[in-house]
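So the structure is just underneath, and the comments pick up after that.
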Amino acid sequence: MGNRVSREDFEWVYTDQPHASRRQEILAKYPEIKSLMKPDSNLIWIVILMVLTQFVAFYLVKDLDWKWVLFWAYAFGSCINHSMTLAIHEVSHNSAFGQCKPMWNRWFGIFANLPIGVPYSVSFKRYHMDHHRYLGGDGVDVDIPTDFEGWFFCTTFRKFIWVILQPLFYAFRPLFINPKPISYLEIINTVIQITFDVAIYYVLGIKSLVYMLAATLLGLGLHPISGHFIAEHYMFLKGHETYSYYGPLNLLTFNVGYRNEHHDFPNIPGKSLPLVRKIAAEYYESLPHYNSWIKVLYDFVMDDTISPYSRVKRHQKGSVVLE
């Protein structure tokens, strides 16, 4: 059966996050990095183009046979929708319109949410900020799998199923780990999204709606891009909590693979993260990293020493301020 990870193998730490101290060191040595802390106006046009592309796809699939609807949902729509979730990740950091226009970013995130089919943008913003402030925080960071996930998905086959069902766990995990009161923006996000979905159904039909939802479910599940969910913070090497990925799929994902760089400088848009690595090369080149998300998925499923338990968890010091 191998050396499976157990609850006791969870890494508990009481120290501060490494990203804050590294950020201070890098800025002291390379203050020019501060010039990269500005919005990426190209993000706006890229998102608009992606949304329009999916609108065209909704029309093109409406009369196809079901097998082709599902084929294109996985072969094409899944890439667009997963990429769109990562565009929303960028927007959640105010990378579209800048820190001085937070509501512009929130509304733009709701617009970017439309092709995904389920309301996501506003809630993601609320929980993702906790992920950065309290990385690995027990009961706070909902990126950490639940005890049930770690206990049950411990074999090769079960981990394979867990990978397929990742979007469902990400959607429902906050309700069990860190439920928050529903905000008015979340209600607006939900109403707009449901209205859009109903309009797609009545104007284009059930196949277009299924294409949209299947593209999201498949794209966030067993898909090469989904390797980033596991690559980012699962502790494949003892003592290393965050891993970057420098492979070609960064071109489709707004450089989300530059994870160490992003956690060091969350207010720098993904477009500029390769420059961070280039400027402060000595801080990043020695860190373990990946060049293939597909290999990450394979290793996670096949390696008996890795499971959803393979995450650093932190006991929080002092008070925790949540959105």
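Heads up, residue numbers simply count up from 1 along the chain you see.
Placed from the backbone N, Cα and C atoms, the Cβ positions cover glycine too.
Annotated domain 'Sphingolipid delta4-desaturase N-terminal' per TrEMBL: 5-43, in sequence order. According to TrEMBL, the feature transmembrane segment maps to 43-61, 68-88, 150-172, 184-204, 210-231.
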Give the nonlocal contacts of the transmembrane segment (210-231) in its own chain as ranges (CB under 8 Å, at least six residues past its ends). 54, 57-58, 61, 69-70, 72-74, 76-83, 85, 115-118, 160, 163-167, 170, 197, 200, 243, 245, 249, 252-253, 256-257, 259, 290, 292-297, 300
Can you tell me the mean pLDDT for the domain 'Sphingolipid delta4-desaturase N-terminal' (5-43)? 79
